[in-house]
Amino acid sequence: MKKEIINIGILGLGTVGQGTIKILQENKEFIEQKIYPKKIVLKKLADKDKDKILLDKNLYKIFTNSAQEVVADPEIDIIVETIGGFEPAKSLIMQALNSGKHVVTANKEVIAKAGYEILDLARENKVNFLFEASVASGIPIIGALSNSLTSYKLKEIMGILNGTTNYILTKMSEEGKDYEEALKESQEKGYAEADPRKDIDGFDAFNKIFILSAIAFRAKIDPNNIYYEGIRNISKLDIGYARELGYTIKLLALARNTGPDLDIRVHPALIPKRHALANIGGAYNGILVRGGEFGDLTFSGLGAGALPAGSMIVSDIVDIIKNYDNYNNRYNYFEKKKIRDFSQTYSPYYLRIRVKDRPGVLAEIASVFARKKVSFLSVIQKGEAGEVVDIVFLTHQAKEGSVQEALKEVARLECVEKICSTIRVVEI
Ligand code: HSE
C-alpha cells in the first residue's frame, strides 16, 4: 500500500529550520494540494539548545535535544538538515540516507566538502538528497540548471551569491554606511552565517559556486582548487572611484567552461553599471547563466533569510513526495574536470596605487607593467596634489600571474608608498 502520511524530522532550529516550520504550518493546505492524497506531518524537531524559542508552543511536544533520536526514528521519512557547518551535519545526513530516509538540506558547506560521496550514498539507498536552498536561498537555480536547462552545454555562470556581503556593499555604496554597521544590520536581519566570517571572506560564495559549477557543467571537481577572496579590503574610497568610472563593486562568483578546463573563482569585482548583475542590491542574489540558444538568463531573488531558504526546503520536500512511489535519481553524471590555476586566469584590473607626487613616477610604474605585458586602458590621479597621491589604473585584459608579478615589482619602487587595491573588472 502506498504511504499517505509522510513524516518529517527537522535537525537544527536556527533561521532556516524555523522558516521551514513556519511555511509548512502556514501554507499546509496549499502545499498539500500538490501532493494529494499524501499529507505531511511534522514528527520531530531537534536542536541542541534546550531553550530554543519556538513560536508555536505546541511544537515543544515534538522537540528533542537529540538529533540522533530523530535520525533513528523509523517512522520518519524525510530528514531536513538545517544545522549548518560540516560536522555533525555530514554524519547525520549519511546516517539518515543509510537508513533509507530522504534528506533535504540548505547546507552548502557539507555539499562542497562531501557532495559527491553523499550523492553516491543516496543513489545506493535509492533515496533523494536535495539541496535547492543551499545556493541563493529563494532562487530555484539548482532546479533550473538540473531540470530545465538540459538542452545546451552551459558556458558561463556569474553570480552574486552571498546576501550578507551584497547587503554590506549596497549599504556602503548607497547610504555611505560603515562596514561594521552594515554587517551588524545584516546579522540582525538573519542574513549572515552563525560565523559571519564565512560570508565576509568569501567562503559561503565559494561553496555556492562550487555547487552551481558541478551541477551546471556536470563536473566532478576538486573545490580545493577554487580561488576565493572576500570583501574585507573593499573601502568606501574604491566604491566611490568605481562609481565615477561607471562601475559598481560586488562580490562576484564566476564559473566559465573553457572546454579543456573550468575557470571558477570568487572575488570582488567592478561590474559595469549596465551589466545585468549591477543593480542586484541588498540581500538579493543574482545569477546570470550563459550558453545555448536561449540567450542570457538572469535570475534574481532574496538570497538569504528564513523564508526564502525555508521556501526552497519546502519545495524540495514537495518534490520528493510527488515522486515518492517512483524513485528517480536526479544526479547521475559527473565528469572529472580540471580547475584552471588562478594565476592563469584573465581579467581587466582596477588598481589603486599610492605614490609620491613627483615627475616620472607614472613612467616608472608603466614600464614595469609593460615588461609584464599588462597594458593600461586609463590612468587617473585622485585627490589633491601633495606629498602623496593615489593613482587609479584600469588595465586591459591581463593574466592574473603577470599582474601579481608586476605589482610585486611596483611595490618595491622607491616612489611607491603602497598598493592600496587590486580589484578585477568584469566585462559585459
Ligand atoms: N549567509 C548566507 C548569505 C545565507 O548571506 O547569503 C544564505 O546562504
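Even glycines carry a Cβ here, placed using N, Cα and C.
Copied from TrEMBL, the annotated features are:
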BINDING   Lys108  NADPH binding site
BINDING   Glu193  L-homoserine binding site
ACT_SITE  Lys208  active site, proton donor
DOMAIN    350-424  domain 'ACT'
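Structure coloured by features recorded in TrEMBL.
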{"residue": "Lys108", "record": "NADPH binding site", "DSSP class": "helix"}
{"residue": "Glu193", "record": "L-homoserine binding site", "DSSP class": "coil"}
{"residue": "Lys208", "record": "active site, proton donor", "DSSP class": "helix"}
The number of other Cβ atoms within 10 Å of the Cβ of the residue listed as 'NADPH binding site', counted over all protein chains shown, is 26
One should report the C-alpha separation between Lys208 (active site, proton donor) and the residue listed as 'NADPH binding site', rounded to whole angstrom, as 6
On the 0 to 100 pLDDT scale, where does the domain 'ACT' (350-424) sit on average? 95
I'd like the Cβ neighbour count for Glu193 (L-homoserine binding site), meaning other Cβ atoms within 10 Å of its Cβ, all protein chains included. 21
Between the residue listed as 'NADPH binding site' and Glu193 (L-homoserine binding site), what C-alpha distance do you get in Å? 11
Where DSSP helix means H, G or I and strand means E or B, what are the helix, strand and coil counts for the domain 'ACT' (350-424)? 24 helix, 33 strand, 18 coil
